[in-house]
Amino acid sequence: MGILADRDTKVIVQGMTGREGSFHTEQMLVYGTKVVGGVTPGKKGESVCGVPVFNTVKEAVSETQATASVIFVPARFAKEAICEAVEGGIKLILCITEGVPVQDMIYVIHVVKSKGVRLIGPNCPGIATAGETKLGIIPGSIFLRGNVGLASRSGTLTYEIVNGLTQAGLGQSTCAGLGGDPIIGTQFIDILPLFERDPQTEVIILIGEIGGTAEEEAAFYIKKMSKPIIGFISGRTAPRGKRMGHAGAIISGGQGTAESKVKAWQESGVFVAETTNEIPLLVKEALKKANHSKEVRK
Amino acid sequence: MKIHEYQAKEILARYGLPVVAGKVADSPETVYQIAKAMGKPVVVKAQVHVGGRGKAGGIQLANTPDEARTAALRLLGQPLKGLIVEKVLVEEQIRVERELYLGITVDRQHKQNVLLLSAEGGVEIEELAVTKPEAIGKLYIDPIKFLSEAEVDALLKQRDIPDIEHLKKIIFQLEKVYRDLDAELAEINPLAWTASHTYNVLDAKINIDDNALFRQPGMAVYREESETDAIEREAHRRKVAYVRLDGEVGIIGNGAGLVMGTMDEVSHAGGRPANFLDIGGGAKADAVKNALEIILMDSQVKGVFLNIFGGITRCDEVAKGIIAASQAIHIQVPIVIRLTGTRAEEGRTLLSGTRLIPVQSMQQGAQKIVELTGGRK
């Protein structure tokens, strides 16, 4: 049972008939995700991989009882798509779409907050509950079921790290790709309490990135947590004032440097990895220590 | 996207904000003519995207047209904090009684827009935020109702600020600019209270959200000028996500995070990245060819490391792109390649027999390319 979704979570895909939407619908079905419907205005009656397409989210939800939606629509329609999902009664929204204007996101955040809906993304790879379900575009083949929880601001770097864990025999519980934009629905600070409460997760990996202060904000909460945390910050060598692909990955006005994030994490007890291949080693150590203290308590 | 001071001021003037009379020029002779026509002491300001421009000598006072020409000679064509000055803004000198700071930007943690106001302007606001945070008034802007008159009144009345009515108009117009243009930052610093007791925009910065450019057709004219580097300009033309850096190891990867991770890994191994380049998800052979060509335009590049983690990106497509590039251009530097994930086996088969150097992991690749490009410095 994952912190956000499990094998029984019913999922719809907004923008299912597009190139990305249809490709990833298939990939999700292969992994075992219960994709029960798609939404593309004007395409009702069509189907993708045998999954029916509806005109609106409302229709899709009333026909399928879906509670989650994965959004693949073009950036200029993302704001409407997210608002439609909220109106349609969806409780978990994953916006994969990249390039959503910041002002659209500010509006959307207000909407999801006022309706108590969880939004992940935009510009994110989605989430996976290892061995159960995946919502988004993370390749299913890299996962192994286990007790390591991950939350990341990056996409492909996360795949690299999950792959390294799997090769080292360290399975995962939930992997949440939070997205690389300046304004995102769910940040480290929102996801950490879920991992802390999750009985399956024993150790947590946070993959941060230069830009913003999400890592520093999370540090305050981390101090209160009981589970060990391994951290990695990407973009340590990126220069100031240059935007590194992700709209959020820019060091501006002295804010968002890797040093400040590493320092904040170290001070709150996070084991910070220098390189990605150090991560599995740190996880093993943390697990060993955790098990040891458990035995002592016995 | 950053736009220049003179462009920001053009926009602000259009919205009725009090902007100093000024003209932009790209030659000392034009600067002389402008200063002569103004018939007053002027200030000559370098138009480059750097912070601390004044301290670096980018703003010069001139009392006569001759002095203005000399100032322009000192600035034009010369580097200012690493960027070549191509244009200067010539403005009338203003006698300033005091300076304020006014800005609107995105607060990432609050996920809202925020209005910032300080009765002490002129300095870097970040500096002030550290040394004297209480001097900065903050007003979070409601995403539905936007700024309210009552809130702005309350913010202004807490402070010792002259002519509140005029300042209110400036604030509401600045917010309108910010919203109309999909800005991420609209800043007036300093906002001068002049000796003749009126407000005047002395310097202005506007950054536009790149993601919103599709609905900001008016920004197209500014776009071209925002890219000063020739290779970056060419990359943009070919729709390649490329940022030029100053090292010698060319880097290509799929996904911004992985590329940044690869840059870090190369630095960790003792090399210096020459660039950031993300071919994105699901890149076809053509995109890979473009990427390689862009990187090799930089004569500082002594070797390239391609790091591909195939998810939706297919490794055989990447391999095809590299082969196409090597047929189109003569590649003289070593290329190290790591392919893993979707169709990695097919990709490696395609590349066997070429001069490319295959590696198994990101770490191994970083070490290899650093070794081939001159080793640890």
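Think of each number as a place in line: the chain as shown, counted from 1.
Cβ coordinates come from backbone N, Cα and C, glycine included.
Look at TrEMBL and you will find A:HIS246 tagged as active site, tele-phosphohistidine intermediate. Marked as CoA binding site by TrEMBL: A:THR17, A:GLY18, A:ARG19, A:GLU20, A:LYS43, A:ILE96, A:THR97, A:GLU98. Annotated substrate binding site per TrEMBL: A:TYR159, in sequence order. Here TrEMBL flags A:4-100 as domain 'CoA-binding'.
Positions of the features from TrEMBL, shown on the structure.
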residue: A:THR17; record: CoA binding site; Cβ neighbours (10 Å): 18
residue: A:GLY18; record: CoA binding site; Cβ neighbours (10 Å): 18
residue: A:ARG19; record: CoA binding site; Cβ neighbours (10 Å): 10
residue: A:GLU20; record: CoA binding site; Cβ neighbours (10 Å): 19
residue: A:LYS43; record: CoA binding site; Cβ neighbours (10 Å): 15
residue: A:ILE96; record: CoA binding site; Cβ neighbours (10 Å): 29
residue: A:THR97; record: CoA binding site; Cβ neighbours (10 Å): 25
residue: A:GLU98; record: CoA binding site; Cβ neighbours (10 Å): 22
residue: A:TYR159; record: substrate binding site; Cβ neighbours (10 Å): 29
residue: A:HIS246; record: active site, tele-phosphohistidine intermediate; Cβ neighbours (10 Å): 27
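Taking H, G and I as helix, E and B as strand and the rest as coil, DSSP gives the domain 'CoA-binding' (A:4-100) the counts 34 helix, 25 strand, 38 coil. Contact annotation for chain B: of the listed binding-site residues (A:THR17, A:GLY18, A:LYS43, A:ILE96, A:THR97), none places its CB atom under 8 A from a CB atom of that chain.
Here the Cα atom of A:HIS246 (active site, tele-phosphohistidine intermediate) is found 9 Å from that of A:GLU98 (CoA binding site). You'll find the Cα of A:GLU98 (CoA binding site) roughly 18 Å from the Cα of the residue listed as 'substrate binding site'.
Looking at the domain 'CoA-binding' (A:4-100) alone, the prediction's average pLDDT is 97. If you compare every pair of Cα atoms in A:THR17, A:GLY18, A:ARG19, A:GLU20, A:LYS43, A:ILE96, A:THR97, A:GLU98, the residues listed for CoA, the longest distance is 23 angstrom.
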